[in-house]
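Each remark here refers to the structure printed beneath this line.
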Amino acid sequence: MKRKAQTSQSEQLESTEDTNDARKKAKPLNTSSCNKSSETEPAFIELEMPQAQVYYYSSIFSLQDCESYYSDLASLSQWSRPVFKVHGHTSPAHRLTCSFGSTPDKVYNYSGTSAKVDSIDYPPSIKIIQEKIESILNAKFNFVLLNWYQSGNDYIGEHSDSEKGLVPQGIIASVSFGIPRTIIFRNKSDKKLLRKIILENGSMVIMKGTTQRFWKHAIPKEKKIKDGRISLTFRQLQ
């Protein structure tokens, strides 16, 4: 990743009150500062976030590809609704999930549940998506967790991705298909320090370095949204 432009300014899993309020207060990303893409390298923006490395690519897939991938992913048979255990209480997730990995013994543990590999047989669409982002980032991934937010009532509260079992300070790459949704970043030390991005159809957000150690992120409820979004989050498991 060489081409970038910076912005000009600067756990509780299923809680939404704070994140909905944060969505109104967070400083939006200034996309006007985005650099122009080349034929071989899509444009991206580096967010101004202390002790974090977060990059946003507004578009890496064509609209036609986005529509095709969303349809393919929505038809997968592996979708299920996980149950989380937090502080001794269990709660179903407010979204559907499934996961794929190149090695069946790899398990990603987070928030009182485990994202086990549902299949080592990657669907063709996921293979193509993964190969494209690996080419862009010059990195390899061996696990992908899919989340399906079927409407604006589906969400994930503020959290940091568990780093247990991951390559230390490795790359986490999340690709979005479907209706645009907001992602909020909140600094763990200064809770008033917020950043906001609209995750567009066909976009990708990258988190690396010490981002998870110092920041939380969330996809808050947006009740006016009636359509769905599917995200694919690629990770590097040890």
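Counting starts with 1 at the first residue shown.
Note that Cβ sites are derived from N, Cα and C of the backbone, with glycine treated the same way.
Note that TrEMBL annotation is computational and uncurated.
Lifted from TrEMBL, the feature list:
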type     : residues                                 : note
COMPBIAS : 1-13                                     : compositional bias 'Polar residues'
REGION   : 1-37                                     : region 'Disordered'
BINDING  : Y108, N109, Y110                         : substrate binding site
DOMAIN   : 140-238                                  : domain 'Fe2OG dioxygenase'
BINDING  : N147, Y149, H159, H217, R229, T233, R235 : 2-oxoglutarate binding site
In the domain 'Fe2OG dioxygenase' (140-238), averaged pLDDT is 95
Nearest to Y108 (substrate binding site) by C-alpha distance, among the binding-site residues H217, T233, R235, is R235
For 2-oxoglutarate, with binding residues N147, Y149, H159, H217, R229, T233, R235 per the record, max Cα distance (Å, no decimals) returned as 20
Should one count Cβ atoms within 10 Å of each candidate's Cβ, the binding-site residues H159, R229 would be headed by R229
Taking DSSP helix as H, G and I and strand as E and B, the domain 'Fe2OG dioxygenase' (140-238) has 4 helix, 50 strand, 45 coil
Cβ proximity for R235 (2-oxoglutarate binding site), under 8 A, sequence spacing 6+, ordered by residue number, returns Y108, F141, N142, F143, V144, L145, L166, G170, I172
Least crowded of the binding-site residues Y108, Y149, counting other Cβ atoms within 10 Å of each Cβ, is Y108
Using a 10 Å radius on the Cβ of N147 (2-oxoglutarate binding site), the other Cβ atoms enclosed count 20
